[in-house]
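**Student:** This is the feature table in TrEMBL:
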- C:1-11: compositional bias 'Polar residues' (COMPBIAS)
- C:14-23: compositional bias 'Basic and acidic residues' (COMPBIAS)
- C:1-23: region 'Disordered' (REGION)
- C:41-58: transmembrane segment (TRANSMEM)
- C:64-83: transmembrane segment (TRANSMEM)
- C:95-112: transmembrane segment (TRANSMEM)
- C:118-137: transmembrane segment (TRANSMEM)
- C:149-173: transmembrane segment (TRANSMEM)
- C:200-218: transmembrane segment (TRANSMEM)
- C:246-268: transmembrane segment (TRANSMEM)
- C:288-310: transmembrane segment (TRANSMEM)
- C:322-339: transmembrane segment (TRANSMEM)
- C:359-382: transmembrane segment (TRANSMEM)
Amino acid sequence: MTVTRRAAFAATLGFALAVSAGAQAADPIKIAFIDPLSGPFATTGESGLRSFEFAAETLVNQKGGVLDGRMFEIVPLDNQISPKESLIQLKRAISDGINYVVQGNSSGVANALTDAIEKHNKRNPDQRVLFLNYSAVDPALTNEKCNFWHFRFDANADIKMDALTDAIAENQDIKKVYIIGQDYSFGKAVADAAVKMLGEKRPDIEIVGNELHPIGKVKDFTPYATKIKASGAQAVITGNWGADMVGLGKAIIEAGVDAPIYTYYGAHDGITATFGELGEGIIRSVREGSLNPPTPEFKALNDGFKAKYPDNDINQPRIFNTVAMLAMAIEKAGTTDPVKVAYALEGMEYDTIMGGKVWMRPSDHQAIQDVHISVHTNKDIVVDADNSGYGLKDEKTVTMAGKDSPTSCEMERPDA
Amino acid sequence: MVELVIFSLLNGLVTGLLLFMLSSGLTLIFSMMGVLNFAHASFYMLGAYFAYTISTYVGFWPGLIVAPLLVGLAGALVERYGLRHVHRHGHVAELIFTFGLAFLIEEIVQFFWGKATKDYSAPELLQFPLFTLYGQNFPAYKAFMILISVGIFIGLFTVLSRTRVGLIIQAAITHPHTVSNLGHNVPLVFMGVFGVGSALAGLAGVIAGPALGTFPGMAFVLGSIVFVVIVVGGLGSLPGAFVASLLIGWLQTFAIALDWSVSDLLDILGISFDSEHVLRDLWTLSLPQVAPILPYILLVLILIFRPRGLMGKRET
Amino acid sequence: MSATETGSAATGKSGDRTGAEPAWKRVADDQMRRGAFRRTLPVWGAAFVVLMIMPLLFSSAVGVTIMNQMGISIVFALSYNMLLGQGGMLSFGHAVYFGLGGFLSVHVMNYVEYDGWWLPLPLLPFVGGLFGLAFAVPIGSFSTRRAGTVFAMISLGVGELVAACSIIFVAFFGGEEGVSGDRTMGPPVFGSEFLSEVEVYYLIAGIVLVAALFMYLFSRTPAGRMANAVRDNEERAEFVGYSQRYVRFVSFCASGFFAGMAGGLFAINYEILTEENLNLVTSGWVLLMAFIGGVGFFVGPIVGAIVLTLLQTVLSNHTELWQLYVGILFVLTVMYAPRGLTGLVAMHGPALRTGRLGILARAYGAAVVPLLAFLAGVVLLLEMGNVANQSVVGESEAHVFGLTLDVSTVAPWLVALALAAGGGYALVRLAPRLRDAFARATGQAGAAS
Amino acid sequence: MTAALQMQGVRKSFGPTEIIRGIDLEIPTGERHAIIGPNGAGKSTLFHLISGKYSKTAGRILLNGTEVTELQPYQINRMGLSRSFQITNIFPRLSVFENVRCGLLWSMGYRNSFWRLVDTERALNERAAQILDEIGLLERCDLPAGVLAYAEQRALEIGITIAGGAEVIMLDEPTAGMSHSETEGVVELIRRVTQGRTLVMVEHDMGVVFNLADRISVLVYGEIIATGTPEEVRASKAVQEAYLGAVDAGEGEAH
């Protein structure tokens, strides 16, 4: 019994020490990075983490920090892309006194987090948390599920689709479009938006296929490619990501389909390298943040990044916007109090390093920014992807895309 | 429609033959040792990764030979130093062991090769469309996959029916307890069979890697399907495994090719439905959507109604 | 239980019949006394006290969060062990009952919030249990026909099916976003609305205690005893009047009920259920917890749930290789300690009873340093190897045990290698002495009794 | 009065081989009946057929006048037939006490109940202890059954078989592999515990057979070639020709 008690005491002590060690270094402003750092999606998570650390270092810390010398510290917390683990990590962040949470991979996780943070802030008014979502694009997060604590720095799926369908609508050669995606909320949202917007912009376009395949379970995409080829599609739209994107893209091209493939996530993280020559001029991506041609500032930033992480790319420029805008908001509020910082973020305008503006729309906390349709190519590429010589070149830019897009968001605002 | 059918037949054949390469090894192992090897698909993954690493140094072709041999060796070692140790605790313990092994191999692969998809591609020599039909390409590499699989099938058949070793194995499959009575070195035979079975899986990985992608999840995606194949075919039956492999290969490709949905069926029956109903997901369900779970439905049905499988002789 | 005990056995007839009371009566009394629930009361009491004071010891929010997760895992792993440990059924799809119980609990929670249903929160896990049971009955009716491989395969098939359905049927499962609810909307219980984590902790602790108690009691009922008998020898059970299928079915349903209860607890704690709660990963995870803890003991899954929850929540924050360590731990357990961590402790029982633990303590004491050196060496090698594999320029630093090591230099590698090799060699050399000490501590004890 | 056990034209084939080739036998209630025959005659197969382990290819089996041909083992057991096995068949990881208690549960009406605790049922535990006393394993009651010595396991096997109080007891070579003194003990045990019940046994040891049995059936190649009292069987010329000569050899290789 004594043994157990002593062990328990030692464990408690160890725990207390660990926690207090965290509290002592309270000087820096901590930002919890909750994303997958182990498991199948760790590559994406790590790539995001590196961007965040680099952004905090170059955009904030090297410039002397905020509020007279307080530095940004990114605290990586592995959520194994599981909502449950994310909530545990959220608790961990909160008990570490962290007020800012960033997350991006998987709208499912984002939904769980925004929900939990809203509940937490309601139940613990003296220990509130802001959720800076840098990548989860489910439109619901800034519509029916919006709340005051959530800010999205990426363009949402509908805004991107708006830009994407504009591009298709302009191309009069396209008469037949095939839509294919992963069978889950995001895949369905993309498909629904595509059908709706194409119907409005080009009623003459025929949707020759609208298909959902199981997410992460398809071994061989050839049967789908066969169908797409057989349908005579002149353009393909897909929201696929990860292995599903690679598999689908390769199968379509190999089957001999000679049509542009419009994607959300058809580049970087090994995808560009895998497509290589095969995808030249075929794969198109809709995204924020212009990579090619780069602004001089971005070129310099990218060079610095590549020097440190040669195997990674700055593939999510919005991460830099997130960090910079948070720093500005803290300065503007003159405090780290999440409520005041949130009010400072609302309506903020920021000139990005990649060129163009970002405006945090107050009504739904959706960042409004330029959206680009860019093509996979190796011509005129300054900033390439995966060190492959291939990269994304802007073909079309929609300035401040979705500025007037409607939102169903009705958020409750706390007293400042 | 004709092109869809032709290409679906071909694609299904490729998938089916690939499944057979995996399930033949698994069936051999199961027949002789009574072990359902959960980690079988992990050896398939190892094959792809070994071949990838070899290909970065000396190209695709040496890997085709060397990688399966390495995987076979790994399999034999696993049998000798792992499975044999667990054997005395019974089949459930063995199943748990191979489950743990599958988990561990995935972690080990991630440790050495990382988590991202590897750029393991088909050799230049085979990167051309073999023929084009109705404007649709059939890649030469797919034909190569069929060729290798059929070669393995013929080779396996020859070994089993014409050689002494084959006769021993056949005897062991039909009468598992007789081998030791014949005076053969049973542990050695077990190790050999496990090694050969793993090597077959490794070979499947070598040729499937470029086509289906080489990533840490590749074993998980295929693992349970191979189980389905050998249970549906009938545990311990090689012909059954062959039939079930092709059956599942075609089942999956045609399910994707045919855009039938429940709502079509309801239309035919003249029933209309409310698109806001709680069961709306059921009514809009289409065949391509459920394609990947069809094998599991088949598995559960077979286990309930015909536990011996299509061509099996024993129940477990 | 040792070999000596068996060997020394004389094929004795019945014992001496001195005294008025026949020997059999004494044995029957003895069995009843030792099996009496009364005798386990101190353990339950101690468990109660520990559960009550834990939040005082670990009062940080993370501490409470982790303990809540442990509580859920404990109920889930115990329910799994009703299948594997007690009934001999290896399931690869147990998350089905956990997840479905949880999903329906969240839906009920929402009905309470929006449709005015009346249900105090502490009753929700029981509702979850009923739903788990409701799914276990139809599935168990065909899957329990056989044990062993066939059962394992059916559970795998059903698990895959339900997991796939969870993505297809969005209206019920909410797609990949899952379904969320709010636990605070029910009627207050004893003035608590379960706003804070600690209140939830006490709710979970209470349910854990109740569920564990009932699972323990189940194992002492005729149905529970026959589940053990069928596990040991299903044929023999048939010849003493029991249908093996029905015996398994009863255990399976009970197990489904408690898994559903764990799902209900999950719903309360996280207020969200997603696809991952019923997929194969969760099913595999519960197998790991039960097996590493030890399926042959009632407390085994509890130990496993605690250890693995700690590994998942604490270790994962220190190394991205944590799953590799878990994999190694699992495979080593299957190979060398099939009775799990609990079994490792339990095998010292005979030595403890005869007071010979001292012999072992000395032997173990000698092995501690080499063992630590070996483990440290292996961990260092793995962690440094991992950093070296990642090839980030300027980031050749591995952070292990609070040390920062530069993997681009040779020295740390040599040290790690030396630690692993030296420790390993010393352990191999020490092994005979350890075995000998163990034999002396337990073997002689057996002969003496 | 109906016979305890009736077999009418019972046949069993495995593939093309017919192992049991038409058995007609009637065993009256209360009789101790032994089935003897050379190895491979089908004795154990016949046991498996009667007790429901194997399905029958043809014929009927009646237990106390009720047809049990198509029933499962546990159903037949519930109707009052209990059997032991030639190869020890116990619950190895349960304690000796529990082995016997499991044998009692169904017959004492506990079924699959999960609202009663086995340790609080006095009658159940006392009955189990009494049986252990009878089979001489009372002092070993806490050991796992798997670690018992061979002879003890054989005794436990009988204990489990008789525990349920079945009317018809079937013992498959209860003394196989035992020493002479052990055999004597077991014979006494069998005599004691089958008092007032019907016993059907397969046995190789002729001493045991002639000592215990009221009547004997001789099974050769799946057919009964003679049935009668020990004296009748001993005197039967057909039996001597077909079987007794082979017994010594059979015994020699039995173990």
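A Cβ is built for glycine as well, from the same backbone N, Cα and C atoms used for every other residue.
A TrEMBL annotation is a machine prediction, not a hand-curated record.
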**Student:** Who are the chain neighbours of the transmembrane segment (C:149-173) in space, where the CB to CB distance is under 8 Å and they lie at least 6 residues beyond its ends?
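**Tutor:** Same-chain contacts beyond the flanks: 89-96, 99-100, 103, 107, 139, 142-143, 179, 275, 278-280, 283.
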**Student:** Residues sitting near the transmembrane segment (C:41-58): Cβ under 8 Å, six or more positions beyond its termini, same chain?
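**Tutor:** Residues packing against the transmembrane segment (C:41-58) from afar: 64, 66-67, 198, 201-202, 205, 208-209, 212-213.
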**Student:** Take the C-beta pairs under 8 A between the transmembrane segment (C:64-83) and each of C:118-137, C:246-268, C:359-382. Which stretch has the highest count?
**Tutor:** C:246-268
**Student:** Find the member of C:118-137, C:200-218, C:288-310, C:322-339, C:359-382 that has more C-beta pairs under 8 Å to the transmembrane segment (C:95-112) than any other listed stretch.
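**Tutor:** Per the Cβ count, the answer is C:118-137.
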**Student:** Determine which residues of the chain contact the transmembrane segment (C:288-310) at the Cβ level, with the cut-off under 8 Å and only residues 6 or more beyond its ends counted.
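**Tutor:** Distant contacts of the transmembrane segment (C:288-310): 66, 69-70, 73-74, 76-78, 80-81, 84-85, 212, 215-216, 219, 326, 329-330, 333-334, 339-343, 346.
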**Student:** So which of C:118-137, C:200-218, C:359-382 has the most C-beta pairs under 8 Å when paired with the transmembrane segment (C:246-268)?
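**Tutor:** Answer is C:118-137, with the largest number of Cβ pairs below 8 Å.
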**Student:** What residues in the same chain, six or more past the boundaries of the transmembrane segment (C:359-382), come closer than 8 Å to it by Cβ-Cβ distance?
**Tutor:** 321, 324, 348, 351, 398, 400-401, 405, 412-413, 415-424, 426-427, 430, 433-434, 436-438, 440-441
